[in-house]
DNA sequence: AGCACGCCGACT
DNA sequence: GTCGGCGTGCTC
């Protein structure tokens, strides 16, 4: 119910009676709810969406519960401006918001804002204008008018103006003319649903072997109801999607809504079509570049319950579903689930929390689960379901390590003779080769041969990467770019700049030199022509119009290339030595994903992995396929990173996935524990180095996830003061039991 | 987050 | 003499 603002002020002589004061979460980075007066005759309850004044502007807020600040004079409080005509946020949703705010040490108002981020959706949706045939004839008949009338007579349902014109193959002015003659009357129709309702029994599933058991396991969890967390751990091509589709079907049969979380990049037309084939309708989409109108429609459909299934990126986790009954997190290991600004959260972990608070099952899915989820599986907190074999005729590629010390490339090159032979054989058979290198551009570093000058970013001091296609040198950290200079800016020498190391463009150059007749393409996110061109190129590749694809990690995700029978990893070691505590895990996941692109239609396929460290556990795990052993070792390594109880609270490193996140934590720490001096903020790669140098007595590592018990940590710090002999427990994200 | 106020440099 | 840089501080 919207209230008229003129009624808020009462008459001149009677002071408005303050009937009630309520706390309201406003979208500001403040730690508490603000208090507002509720005008007489206005009904609000916890969860109501309201418009309130903040200084000179109006914002959307949510009525919360709890005590109001008693220091504020209720008479001086400003009144709520408007109550939106919209179902209030449920108790579950409010508990979820409070929980996430407390866990991530974020202002609750900013967390709440993520749930109500479609402001215009709060207005009632406009009715659609329609036309109904009421009989009669126009004064003059024409062939076009006859066509329209024939159609309207045979199909007696309301038409839209353009729909009728299109169906009768006339221009809309013909329809307008008939309407003016009184043949049609204008009526108002409720807006059409955003998406059709999916039918759980549209296409019965055809599950094979281990899929059956896996589906039975998770379907029974959904059937039983109540909170549970499952981890579907299945190799690429093992049919994980079909399995979780059955869980979705069961939830739909129970009349509950379903949320499928996907990394943004995996929200492809291919996925939506697959869903449609099983359920007869597409899910509603939710992601960052949804058109504003669509965003509003989906948001409203979710609140009212009209939308049954949402497939969305991480932000979809905060949609206020009416009756959510299941969350599926596909590709649960994907780093894209981590939000890196404002509110730092991992949607995968918060999905589990939402399931626990809402008392419904959550299913995590991956071919290469995160170490965190593996630990939860081993500890019995998640029920692990294995799908060990490929489905149908698909066979895993035959994987081999290429020891680059024994098979060096020719001078100036990066492809070993072994890989070049493999490419030759593959394209001779009319099949495709994929060369993977996770590095955009031509070369990661450029220097002057004469004076040794290195091109460095003026803004953030990382190396500038040469991009030959664009004739630019770019900073991959901050986006700085300039035209590739011809002369060295330091010594002025012309044409003496030398590229160091490979990027995909440079690999393409090498490939073209060896296979001038082959059709070659470079796929990377900075591709000229944008997303549209990329889609077309991916289709062309799938059709077999390309022989050799050279790509960055963008080709690793989701796409199916039936003719791809050779995958060459150009530099498998890349990313193993960047100081990231998760480097080995990430590399394992990436390499598994890329090699999984091959052999999906039964053709015999091969993976060649170029490495200088063939003994490295990641390489061994990839070729042996012994993932359990790899995870066991990773878990051990991660647990070693949890420091034993330490002595004095002398100084502290705060380190996180990004410097910005570490800054956020540090601010919280400084505010909560002013007695602790010597708090340093370091980037992800610097913290281990500082520790090695012994500058700090201990560290608080919040790499990647916020699963460490920050609240407990702060309390312990405050309790012990700066010089106390302390034994603060630091809980690293490897063991995220704090939310279960 | 926004948007104010507030104090020091180059300009109609 | 003003316009404008962005540094602190407040919003129920």
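Here the Cβ of each residue, glycine as well, is placed from N, Cα and C on the backbone.
The local packing around residue A:451 (Zn(2+) 1 binding site), expressed as other Cβ atoms within 10 Å of its Cβ over all shown chains, amounts to 12. Residues or ranges marked as Zn(2+) 1 binding site by TrEMBL: A:448, A:451, A:488, A:491.
The Zn(2+) 2 binding site feature in TrEMBL is assigned to A:457, A:460, A:475, A:478. The DSSP secondary structure for residue A:457 (Zn(2+) 2 binding site) is coil. Residue density at residue A:457 (Zn(2+) 2 binding site): 20 other Cβ atoms are found within 10 A of its Cβ, drawing on all protein chains shown.
Sequence annotations record features per position, and here TrEMBL assigns domain 'Helicase ATP-binding' to A:221-387.
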PLDDT averaged over every residue in the domain 'Helicase ATP-binding' (A:221-387) = 93
A:448, A:488, A:491: which of these binding-site residues has the sparsest Cβ neighbourhood within 10 Å?
-> A:491
In all the protein chains shown, the tally of other Cβ atoms within 10 Å of the Cβ of residue A:475 (Zn(2+) 2 binding site) is 20
Cβ-based neighbourhood (8 Å from the centroid) of the Zn(2+) 1 site, residues A:448, A:451, A:488, A:491 excluded = A:449, A:450, A:452, A:453, A:489, A:490, A:492, A:493, A:496
How many Å separate the Cα atoms of residue A:451 (Zn(2+) 1 binding site) and residue A:457 (Zn(2+) 2 binding site)?
-> 18
Provide, as an integer number of angstrom, the distance between the C-alpha atoms of residue A:457 (Zn(2+) 2 binding site) and residue A:488 (Zn(2+) 1 binding site).
-> 15
